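The following features are taken from Swiss-Prot:
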- 4-77: domain 'Myb-like' (DOMAIN)
- Lys9: SUMO2 cross-link (CROSSLNK)
- Ser106: phosphoserine (MOD_RES)
- Lys114: SUMO2 cross-link (CROSSLNK)
- Lys142: SUMO2 cross-link (CROSSLNK)
- 143-175: region 'Disordered' (REGION)
- Thr188: phosphothreonine (MOD_RES)
- 203-345: coiled coil (COILED)
- Lys237: SUMO2 cross-link (CROSSLNK)
- Lys254: SUMO2 cross-link (CROSSLNK)
- Lys273: SUMO2 cross-link (CROSSLNK)
Amino acid sequence: MKQLKRKRKSNFSVQETQTLLKEITKRKEVIFSKQLNTTINVMKRMAWEEIAQCVNAVGEGEQRTGTEVKRRYLDWRALMKRKRMKANIKLVGSGFPLPSSDLDDSLTEEIDEKIGFRNDANFDWQNVADFRDAGGSLTEVKVEEEERDPQSPEFEIEEEEEMLSSVIPDSRRENELPDFPHIDEFFTLNSTPSRSAYDEPHLLVNIEKQKLELEKRRLDIEAERLQVEKERLQIEKERLRHLDMEHERLQLEKERLQIEREKLRLQIVNSEKPSLENELGQGEKSMLQPQDIETEKLKLERERLQLEKDRLQFLKFESEKLQIEKERLQVEKDRLRIQKEGHLQ
């Protein structure tokens, strides 16, 4: 059974390496930060991803990841160490011996700082293939190098030195480098090491304060709602009390009319009794009594109608009052809803 070979990505081109070094220079405060916490680690990982995006934007056809560009930088730094060592060995062999301590210092100087390389006057760039020498066996993301003509203008030494000088950090340009573009997403990076450690609990305290403030507002709204509900129940209670009073008043009026009716009936019965002794006098009196009774009946009916009219007017007034209260409760309900939506936003 044939073993399938995994297709490996091509080597980094000159343009990709140049872009990689430039982007590392822009983000050196983040990538080479000595602080160790979760926030800094996330920021470093995002910085490498952004560098990979910038390298991919060159358009060489390969899609690099943050891990690949980081590994490419480590290879590049190892290459710089080897070339610096060779250059120092040449100096020693040409009659300029260096003490062992000075040799070690020269090998490590500036390598582990910021970017890890600098534009050294005693270092001679022989070929632009140095951009690709860091590939080889040190990385897993590269394949055989592309064949290029070293005599082409693209690989002129002067142009290469100019490109290198554009990506090598310089003390005069360090203050002009742009800040890490997404640093605001993970708080402001300060030169004081204890600043980020202070910001995290401070941010948590602010979040807790905001949560408590929102909870307090919610409780205030709930208290207002309960107060409105209490007022509504009080109004409903008053309305029922008025209805009970009206019912009792009507019941008393009904009993009074019943008594008046009994009284009139007794008067009629008494007026109809014949009197043999006073037939003439009683005849005249009996003619007047039916008229008086009819007048009383009309008067009582008029009073009853007036009472009924007053009752209807009172009920109308109660109806209008309840309608006004209903509208007030609706307005209060809308106000609480708008206030609640404002807090949620």
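Quick reminder: no glycine exception, Cβ is built from N, Cα and C everywhere.
Rounded to a whole number, the distance between the Cα atoms of Lys237 (SUMO2 cross-link) and Lys254 (SUMO2 cross-link) is 26 Å. The candidate set comprises the recorded sites Lys9, Lys237, Lys254. Of these, Lys9 has the most other Cβ atoms within 10 Å. Each residue in the coiled coil (203-345) has a pLDDT score, and their mean in this model is 80.
On the backbone, the CA of Lys237 (SUMO2 cross-link) and the CA of Lys9 (SUMO2 cross-link) stand 84 Å apart. In the domain 'Myb-like' (4-77), the DSSP tally of helix, strand and coil residues is 48 helix, 0 strand, 26 coil.
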